[in-house]
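Swiss-Prot annotations:
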- Ser47, Thr182: Mg(2+) binding site (BINDING)
- 32-355: domain 'G-alpha' (DOMAIN)
- Cys3: S-palmitoyl cysteine (LIPID)
- 266-273: region 'G4 motif' (REGION)
Amino acid sequence: MGCTVSQEDKAAADRSKMIDKNLREDGEKAAREVKLLLLGAGESGKSTIVKQMKIIHEDGYSEDECKQYRAVVYSNTVQSIMAIIKAMTILHLDYERPEREEDAKRLFKMAAEAEERGDLPEELANIIKDLWADSGIQHCLTRAREYQLNDSAAYYLKDLERISKPDYIPTQQDVLRTRVKTTGIVETHFTFKDLHFKMFDVGGQRSERKKWIHCFEGVTAIIFCVAMSAYDLVLAEDEEMNRMHESMKLFDSICNNKWFTETSIILFLNKKDLFEQKIAHSPLTICFPEYEGPNTYQEAQAYIQTKFEDLNKKKETKEIYTHFTCATDTKNVQFVFDAVTDVIIKNNLKDCGLF
């Protein structure tokens, strides 16, 4: 009898140990699962960050995958030159050479068919090269804040010689620069520093925002992207609204949301390279009339950082982790994401009582 009781006690103790072990393992496993939500207004660089995760943590894009982006590169290139041509008319600008008017008409006739086929015929490529070389077009490019133009426009158009070759295969950088509007939610999985990441890229345009809500539950951290270079631009979907003001409004609603009281907020002040180029000739007062500092990169970026961080209504209990980023620069993103991961590890272990 006594022997039976001791065997039962031993079995119960073993079961208890096993339950404790499983709970501990579950706790550690939970601490290693990271759900990241990428938020931000349209065209703030969220999808580029996702592509960088593939390049940095998943061996990048294979040759076959790169080939699949060829049609997107062609489309982005053609759409960019068309946007500049349309702006020439709106801004009442003249071409340097009158024959470019004819080229522009031919381009518009050929563009739709080429886009449907997903190619860039030699004749069309030559027309684009001639237009791009025109000083009128180049002048129109300097006034890009007055119309909607992809950030990658000059990147592709400057490299037409390479892009228009029959055997062209997009590089990793070409893929990074492609612009396709994100609709719905794009999920990416990868492992880094023994953590299992699930990253959700959510459509940034206003029409997409109602789809975000079910992503919110159990989020470890939010990476909020802001296009710093958009301080002098208006929204594609609302030409009355300054893009930076829209970003601030959205950040305010995310940062102070009751859903996110326990969530780490990481702020990526992105497109720092474009911002640095732009601030020298386009004053910050366009966006912030009260700004009295110099239009230099350091002072202007610090001012924008303060404007966003000041929106945090719970400064005593909630920290905003701010980084200046260039989403198309793999080394920069790698460095920043390394720092972000360390913050996540620390906060995650703390939440699970393991730190």
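Placement of Cβ uses the backbone N, Cα and C atoms for every residue, glycine included.
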Count of other CB atoms lying within 10 Å of the CB belonging to Ser47 (Mg(2+) binding site): 22
Thr182 (Mg(2+) binding site): tally of other CB atoms within 10 A of its CB: 19
Where Thr182 (Mg(2+) binding site) falls in three-state DSSP terms: coil
Residues of the region 'G4 motif' (266-273) by DSSP state, where helix covers H, G and I: 2 helix, 5 strand, 1 coil
